[in-house]
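TrEMBL annotations:
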DOMAIN    B:23-191  domain 'MacB-like periplasmic core'
DOMAIN    B:283-399  domain 'ABC3 transporter permease C-terminal'
TRANSMEM  B:22-47  transmembrane segment
TRANSMEM  B:281-302  transmembrane segment
TRANSMEM  B:322-349  transmembrane segment
TRANSMEM  B:369-398  transmembrane segment
């Protein structure tokens, strides 16, 4: 059974002039546990919107989204928030680390919303995660004193600290140079694989997309499998942000 | 449980991380709570000092003074008859504190010559009833009545006139008259205006000179126990007054006029309460202004933290949790400011030289400790301001759209 199952998902937004702008149209997608999926597409193609829908940060206008077989459209706001924290881990292009908190505090932050032992052991768990991404020695540094690559590794540790079943990565290498990006992406793929988590990556980078087991192209709100290298190149020719 | 702990930890973390901003926003709250708490505490202490000042002359609440005299001659009753009647009255009604006071003039032989000094002959209980607090030495005891050398308590001007700096030399002074006697100064009180000499003398002593006439023939008519003072429950004053007049009149043969009236000050508490109310009103205005400062900075801050709030939502933070965290951040901060303000108020009030500032250096008999109510009020006020000032930023934080917040 699929962990994430999207059927005929559409997302529209109403513009100030009352016209309707379709962002996603009839999107079908299945993500199995532990699977690595990449989604590529031009700027404005709806990649981030799709990721927000997957992560329960947004709701579709129509269509069905089953999370582990459970329809998400009937979930209360509270339940959605809890599931978001328990099932998903997010990695953002701009890292989005909490300023003026140390790396360890940043990694421990999601565990503030956990319960029981996970909450109580949050500090030691955070340090263990930082060890795993090779930043144990920099646990007490604030983000402002870390390089871009180190910051993204902290963000990866943070995304994985609650042992999520799915990691959603929005342009995880977008703010990094090629070499660092490759290292970070390799770490992300390895860490999620070790955790048994599925990884859904949005990227412009062909090499990043190539790491995925399945690749999709998102164009004008339509999602389709990406099979040809030429098509992949056409889909990612625009290097602007998604 | 861990949810509540997490919310508190999150709020405290914000306060810790943004120390400078929090400190700046809390200056107003700190000052207001400090002022309110200090004023409340000082108000209670000033009230106590005022009360003691007033009671020093009029007696404690409630003091009933009783006088008896012959309406024809104006003379007081015979000492023995008066004493017996008073003793019976005090015993019958189980009156715990009764004192006698008689005003007279005593001639003391000072280094510059004999000087007449207004003297109050009092029983030892007079000190309790009028809160007499010697600044040196002691007040009269029952045992002083057995002393062959009459005990006296004088003021500082008296000591100066006697040429004695303090009581370390166990000073004495000769009371002149037909039978001069050397009196022992046992205590010093701070009383009298400027150079005015004041002396208290124990009402009875064991020596032959104690006869009223021996003290000063010129004032013999005032030598008896002219006034009896009774310390009675305030709510029974009227009943006591009537009963005492009736019983004493009967005990003294029915021919003497007996008058009884309340002498302790009344109405001072209302004045103090009004003063306290006015000062607390001013404190409340300052508190509101301080709260506006916290609100203002809270509003600015929450807009700057929109991205962070979005990120926390991605961690699974519910709306309620975000609301509580922003709200608690404000409450934690103001509660901390309140705690510091209350602490500072306690330090200030406890270290103020209240006796010197308010009571002319005279020890305050029953100085109250720092009132717990004032501390609790200060903490409640600070927390309430935090809650009110945190409400609006918390609403803004909750209404922020997660997606927009993350992109912010």
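Glycine is treated like the rest: Cβ placed from N, Cα and C.
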Cβ contacts under 8 Å made by the transmembrane segment (B:322-349) with residues that lie 6+ beyond its boundaries: 7-8, 10-12, 14-15, 22, 25-26, 29-34, 37-38, 41-42, 45, 294, 298, 302, 309, 312-313, 370, 374-375, 378-379, 381-383, 385-387, 389-391, 393-395, 397-398
Positions whose Cβ lies under 8 angstroms from the transmembrane segment (B:281-302), at least six residues beyond its ends: 18, 21, 24-33, 35-36, 39, 309, 326, 330, 333-334, 381, 385-386, 388-390, 392-394, 396-397
Secondary structure content, the domain 'ABC3 transporter permease C-terminal' (B:283-399) (per DSSP, counts of residues): 97 helix, 0 strand, 20 coil
Cβ contacts under 8 Å made by the transmembrane segment (B:22-47) with residues that lie 6+ beyond its boundaries: 15, 268-269, 272-273, 275-276, 279-280, 282-284, 286-287, 289-294, 296-298, 333-334, 336-338, 340-342, 344-346, 348-349, 352, 354, 358, 364, 367-368, 370-371, 373-375, 377-378, 381-382, 385-386
Mean of the pLDDT scores, which run from 0 to 100, over the domain 'MacB-like periplasmic core' (B:23-191): 85
